[in-house]
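Data block below; observations after.
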Amino acid sequence: MVDYHAANQPYQYGPSSGGNGGGGGVGDYMAQEDDWDRDLLLDPAWEKQQRKAETAANRICKVLAVNQENEHLMEDYEKLASDLLVWIRRTIPWLEDRVPQKTIQEMQQKLEDFRDYRRVHKPPKVQEKCQLEINFNTLQTKLRLSNRPAFMPSEGKMVSDINNSWQHLEQAEKGFEEWLLNVIRRLERLDHLAEKFGQKASIHEAWTDGKEAMLKQKDYETATLSDIKALIRKHEAFESDLAAHQDRVEQIAAIAQELNELDYYDSPSVNARCQKICDQWDALGSLTHSRREALEKTEKQLETIDQLHLEYAKRAAPFNNWMESAMEDLQDMFIVHTIEEIEGLIAAHDQFKSTLPDADKEREAILAIHGEAQRIAECNHIKLLGSNPYTTVTPQIINSKWEKVQQLVPKRDDALLEEQSKQQSNERLRRQFASQANIVGPWIQTKMEEIGRISIEMNGTLEDQLNHLKQYELSIVDYKPNLDLLEQQHQLIQEALIFDNKHTNYTMEHIRVGWEQLLTTIARTINEVENQILTRDAKGISQEQMQEFRASFNHFDKDHGGALGPEEFKACLISLGYDVENDRQGDAEFNRIMSVVDPNNSGIVTFQAFIDFMSRETTDTDTADQVIASFKVLAGDKNFITAEELRRELPPDQAEYCIARMAPYQGPDAAPGALDYKSFSTALYGESDL
């Protein structure tokens with residue numbers, strides 16, 4: 001049996017096949033007579049046959065070892081590709097689920113789940129995808145070096161398929177976070193509007209309480225002339241008050257409409273309440289008009305009126321409405337996202353405070369009117385029954401609401417200052433992130449450009465280039481803390497619900513994508529150089545030849561993209577002396593060469609494929625014919641071989657490998673158990689199917 005691990009050691013004695021396909025084991029030989037053994041061992045022809053068998057077995061062992069290793073690599077690739085595709089297909093539907101939740105808390109939980117996916121679950125898959133491409137390239141290189149056909153993964157598991165699925169994942173991921181933030185903003189806006197609607201509706205409902213009953217009274221039917229006159233004036237004051245509240249009703253309806261347009265989840269109750277307010281408002285208008293007509297029928301009987309009470313009512317009503325609006329504005333909720341917005345609110349608040357002195361003068365003037373009416377009544381011995389007949393707004397109400405306004409102003413000051421402090425803190429977070437991002441972003445771009453230059457330049461040996469690239473890889477890995485710091489700053493920005501940053505054009509998404517591309521590029525470039533070293537060593541190419549190949553390739557790579565198009569590759573071949581001119585014969589030769597360097601019809605020729613082609617043209621490799629000839633030697637010149645012969649001449653694992661894959665021999669000279677080594681050999685090189 002041949003010891004293929006120690007080709008230089010003396011050949012271990014063992015039997016070999018005879019010319020007629022018959023042969024025995026060692027026991028058969030020892031059964032021969034001693035004098036016959038002595039003559040046979042001294043026979044030169046027999047020794048030559050043994051050496052020939054040893055050479056053939058070594059060749060087969062070498063070929064089978066390569067094939068077994070390649071099959072293991074193919075199985076590893078298939079498993080890794082399947083696992084990655086399963087993860088991608090499971091993740092994409094989750095990212096494409098855009099059904100919004102009803103509350104901010106639920107949407108914020110979805111946002112936190114997405115951030116966990118970005119920080120925890122995705123980075124390992126990026127590494128697996130990069131490793132998959134590296135394994136695929138290494139396998140293809142080994143197949144080319146061993147003159148085997150290119151590896152074609154199972155349907156749907158090509159590197160391009162993985163990349164397409166990954167792009168689909170990236171596309172789904174790209175809009176997911178933006179969608180989450182938009183929904184959160186929308187829910188914030190809806191909550192704010194709903195609260196504002198409820199506040200305004202409550203104020204209006206409190207104001208309208210009892211108004212319908214008041215307007216339906218028929219007290220004018222039994223009233224005295226002076227009472228009728230008072231009722232007319234009171235009604236005029238009410239109409240003034242009613243007109244003053246028209247704006248609030250319109251605001252309530254506008255807010256309800258906006259909530260409907262924004263698809264507020266509790267729109268039915270909002271609509272019902274708004275409809276009730278509008279119906280009541282229409283009823284108030286109709287009742288007001290009816291009462292005026294009734295009072296005007298007796299207007300001729302009106303002779304006296306208390307002008308001061310009327311003037312008080314006309315001035316007190318809008319002032320009272322102003323105070324109610326002021327209290328409403330001072331308690332109004334606000335949402336801002338920038339320092340400019342909060343400063344605008346502070347400026348508006350300061351402007352409001354500047355009007356308070358004039359408002360106080362108006363209050364004193366209104367109270368003075370009321371005091372004058374009381375003085376005139378006392379001087380003329382007029383008995384005033386009850387309150388002012390033209391309004392329900394008493395001096396006590398005015399003073400009470402004015403005091404409330406005075407209390408709300410400093411509270412509003414505190415709320416605005418607190419929000420200003422928050423926005424100043426947010427601005428600091430923006431500037432911190434921008435400062436770091438404006439350093440990391442250009443650094444990543446610079447490293448990408450430097451790696452690109454290294455991959456196309458010819459400085460030093462391939463080992464020098466490989467060492468240089470690995471040093472770059474270490475510097476990139478060492479830079480990772482800067483990215484982690486940026487992630488921490490970005491996390492603070494996200495927690496503060498900061499949605500924009502005018503101080504930088506870089507977003508965290510841009511930085512992450514650039515970083516992932518940088519890691520992928522350096523890993524792929526290192527793999528390419530390692531494959532070039534494998535090719536050089538396997539083919540015996542000198543450093544000078546490699547530099548010549550690189551110089552020729554770079555000369556025709558006009559865009560420095562690291563690959564040649566068909567026309568660029570043809571020009572390169574012509575410069576190297578290949579007859580691929582634009583004629584029928586030249587086109588046929590060029591198409592043959594393209595099928596070798598671009599078996600997947602991608603339309604480009606990489607530098608690795610170019611080296612493989614040039615080395616194949618200048619060096620010798622194993623062929624199917626050579627392997628067939630080697631098997632024929634082991635078979636004793638027969639057209640078939642038996643399992644016994646394979647087990648005798650080859651190592652156990654490789655012998656069983658051949659037996660399991662060789663088809664039965666069907667020729668006319670077939671013997672029992674005959675195996676077809678010719679079809680097996682051609683299948684190893686892709687010329688037939690195993």
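Cβ coordinates come from backbone N, Cα and C, glycine included.
Keep in mind that TrEMBL annotations are predicted by a computer and have not been checked by a curator.
The region 'Disordered' feature in TrEMBL is assigned to 8-30.
Residues annotated as compositional bias 'Gly residues' in TrEMBL: 16-27.
The coiled coil annotation in TrEMBL covers 228-262.
In the predicted model, residues of the domain 'EF-hand' (544-579) average a pLDDT of 74. Taken from TrEMBL, the feature domain 'EF-hand' covers 544-579 (among others).
The domain 'EF-hand' annotation in TrEMBL covers 585-620 (among others).
Through the fold, the domain 'EF-hand' (585-620) approaches residues 137, 141, 144-145, 147, 149-150, 528, 531-532, 535-536, 538-541, 545-546, 549-550, 553, 562-566, 569-570, 572-573, 578-579 of its own chain, all at least 6 residues removed from its boundaries and within a Cβ separation under 8 Å. Helix, strand and coil residue tallies for the domain 'EF-hand' (544-579), in that order: 23 helix, 2 strand, 11 coil [DSSP]. Across the domain 'EF-hand' (585-620), DSSP classifies residues as 25 helix, 2 strand, 9 coil.
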